[in-house]
Amino acid sequence: MRGLGLSAKHERRWGSDTVVPSTGKSIGISSASSASTSTRSSPSKEEELVEVTIDFQDDDTIILRSIEPAINEAINANHDLNVFDDAISLSNSSSTRESRPRRSMKLKHFLSQELKAEAISKAKQFSQELKAELIRRFSWSRSHSVQSEEGRGGFDSALAARALRKQQAQQLDRTRSGAQKALRGLRFISSNKNGSVDAWNHVEGNFHKFAVRDGFLSRSDFAQCIGMKDSKEFACELFDALGRRLGMKVDRISKEQLYEFWMQITDQSFDSRLQIFFDMVDKNDDGRITEAEVKEIIMLSASANKLSRLKEQAEEYAALIMEELDPERLGYIELWQLETLLLQKDTYLSHSQALSYTSQALSQNLHGLRKKSPMNKLSTTFFYFVQENWRRIWVISVWIAIMAGLFLWKFFQYRRRYAFQVMSYCLLTAKGAAETLKFNMALVLLPVCRNTITWLRSTWFARFVPFDDIINFHKTVAAAIVVGILLHAVNHLACDFPRLIHSSEEEYADHLAKDFGKIKPTFAELIHGPEGVTGILMVILMSVAFTLATKWFRRGLIKLPKPFDRLTGFNAFWYSHHLFVLVYILLVIHGVFLYLVHKWYKKTTWMYLAVPVGLYAFERIVRFFRSGFYTVHLLKVAIYPGNVLALQMSKPPNFRYKSGQYMFVQCPVVSPLEWHPFSITSAPGDHYLSIHIRQLGDWTHELKRVFAEACEPPVAGKSGLLRADETSKKSLPKLSIDGPYGAPAQEYKNYDVLLLVGLGIGATPFISILKDLLNNLIKMEEQPDINMESRKVADHGDRTANSNSFNKISPKRRKPMKTTNAYFYWVTREQGSFDWFKGVMNEISELDQKGAIEMHNYLTSVYEEGDARSALIAMVQALNHAKNGVDVVSGTRVRAHFARPNWKKVFTRTCSKHPNAKIGVFYCGAPVLAKELSKLCSDYNKRGGTKFEFHKEHF
């Protein structure tokens, strides 16, 4: 053994931000089979020496810097051992570094001769064990004659290559920003629990709950105890790794041991987290990770994140990691290689942002930080509220004004009647409410006249009327009808009828006998008359329809016992709403037999209802005949994971629609009466129509069952669980369609930039928009070539030929497309959902050369980026996308993100990239996120020139 000169140098510590002085000592170690520890040793000619450079740090850390062949000369092994004046702590681990978290205060007295002797003894022991490890690891031969020069040269070059890569890895960015970024990675406990006293108190409480019998926590309960109940397998492996680190292999632990475990997994140090993760993978604790161990941890991570397909391909992705980290083909990887991949995984992805992004975002955020007086804040808020809602404000204002006018008109009209002397203000209120009821019962039909609304969307009315809120307006009018019914019925039944009955004979004869007859009626006679019977029946029918139309019944949020469970769901809502046919008939009869009104032209109920009821009836007749005129043939059928049925059908010749619109579909085999709306997912330029239907209710469940019977397993390379097409042996069910109908998303061309947000099946309206945008962008790129070709034709022919040729080649001049960019955010819970539109996403990725369309897929079943449970998934994702251009999670060319989007960052990024632009935010999904997006639009509209307009799909 040989000791080279002592040198003091400053090196950046591996895995730390601080620069500490290190003492570098080079120790030559013989690879002879017998390790000598005598004061002097002379290597024989057959021995091969290596020079090992080790740093002994002041914080009890040993760093193995390099291993290189040494010059074959006599060495003095004991010379080096006398220079170890520092008190050091050494380990027999084969890792490149191992730090002890707790330093003994005694080590500071390094001048003590006893500690010096102990350090020398430990150094001797370390040298022996290190030499043995190097002999085992590198397996160098003692004899050059036995080993061929070619084979040895290849192995030596592999070792040299790895040593060089390690040296380069040590030069990674370890600056403050880099360290802060690293701290966000490999969290075992969510960030809101890390290291907090409250979190430990919660864990301690769980311990006492699970460790009831003997005071010990079992391995099977560890996951639930620390808050990983959804990742039990992962937590069990973490339990085993933490146990190995403490030198024990047990199936249960005490509270003190649990606290030790907790302190390790909540450690804020990235190095500590990395070591724990490495130990989880390195199950045999030999300091190396083999391909089999990588495969096992990939399967474990895939299981924790509910990624069944990734689990099936674990072997392929394990080979990918080994190929990337072990190019020397040594068969294992080490801690520093794993850390390099973790810190550099983002470089495999093209997600770099512009340098101006931070400054622009900061300036936009600071815009709203100026101090304002309460009056200024109030006026600013009011200004932006009016600016964003002026269409709603004027429509609601006009509606309320009309109702108020009608109410006051009847109120003062009946105040001059003789009946007022007996029935008082109860009569006035009832008659005023009745007039508003006539108006609202007529108005409530207009929002459901879909053909009329679709046509109005294409006129100048769309500039002033918020047709996107037409369904909400329908519900608002319905609420006003309920209020009108209460005012009308309660005032009649509980006020003016009792006053009539209890009036004196003189009062009745003078004021009411002309309207109610000479004999004063009883309360029962008033109720049993045509007015009373029709009124009560209308109230009953409308109560049923209103109740079943509420979200609790319509969406099946209320669970009722059988057979009452049929009162929930879309079918109950749909059928009960058709009770209004009877309601309108009863309303007309009720209006004919009015109290206190005798002349026919003053009985105005039918006048209010004539036009709306006629228009609604005409639309239903049109649907009946048009559905027969629109003959469609099913071309393809596919059933995807997540219970989604995709139907592709022939496009009728006269069926013209816009992207974002929807149509009604009927399947006579399922129900000859029910029509259901679905967004069109094909583009207007496609030769076919397509829709995607998710199983949510009785009708969709039955529809999927019917088509599943006609489908067959897919051929290799085709997506979908089941498939069928025109060539299928089984006949496909017949479909009828009606439409198209207008929707908020169809106005996307009015905006400079689009922000499309879909949750789950809510992505369907935007798929057609993306395809249409792509087709338009391609046409715009081809237009200059077409124009150039037309000019050439014009130069070589006469004017007649010129015009003919130009007409054939050049399309009609169209207004330049206003929309320049689109950002699509799709959030889903299931990995299989990405199959629904895989072809569309891949097509956009390939053809959109300018990057005008950005697609962002988010999978919420995967733990957020930085969580240890998804760390390896992120590594595999980065490597595979860089090598093959395919995302391992979505199976497309579009990278999938983990957890949910940070919408504030999304809006900030969009603002910075498109200053002073008009951005349309279109959303389809759960109402909860709609409120958040709407609020963000309002907030960001107050900050600068970029304006957001929010639109939500309603069905």
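Even glycines carry a Cβ here, placed using N, Cα and C.
Annotation comment: TrEMBL describes 22-42 as compositional bias 'Low complexity'.
Residues annotated as domain 'EF-hand' in TrEMBL: 269-304.
The domain 'FAD-binding FR-type' annotation in TrEMBL covers 627-747.
Taken from TrEMBL, the feature region 'Disordered' covers 1-47 (among others).
Per TrEMBL, region 'Disordered' is recorded for 792-812 (among others).
The transmembrane segment feature in TrEMBL is assigned to 393-412 (among others).
As annotated by TrEMBL, transmembrane segment applies to 533-553 (among others).
Residues or ranges marked as transmembrane segment in TrEMBL: 573-597 (among others). Outside the transmembrane segment (573-597), and at least 6 residues removed from its termini, the chain residues within Cβ reach (under 8 Å) are 414, 417, 419, 438, 441, 515-516, 529-531, 534-535, 537-538, 541-542, 544-545, 548-549, 553-554, 603-606, 609, 613, 674.
Among the features that TrEMBL reports, transmembrane segment is placed at 753-770 (among others).
Long-range contacts of the transmembrane segment (753-770) within its own chain (CB-CB distance under 8 A, at least 6 residues past either end) are made by residues 642, 644, 659-660, 662, 678-684, 691-692, 694, 743, 745, 819-829, 833, 836-837, 840, 844, 853, 855, 906, 910, 914, 917-926, 929, 933, 948, 953. Listed by sequence, the residues of this chain that lie at least six past the ends of the transmembrane segment (393-412) yet keep a Cβ under 8 A from its Cβ atoms are 386, 428-429, 431-436, 439-440, 443, 464-466, 473, 476-477, 480. Across all of the domain 'EF-hand' (269-304), the predicted model scores a mean pLDDT of 82.
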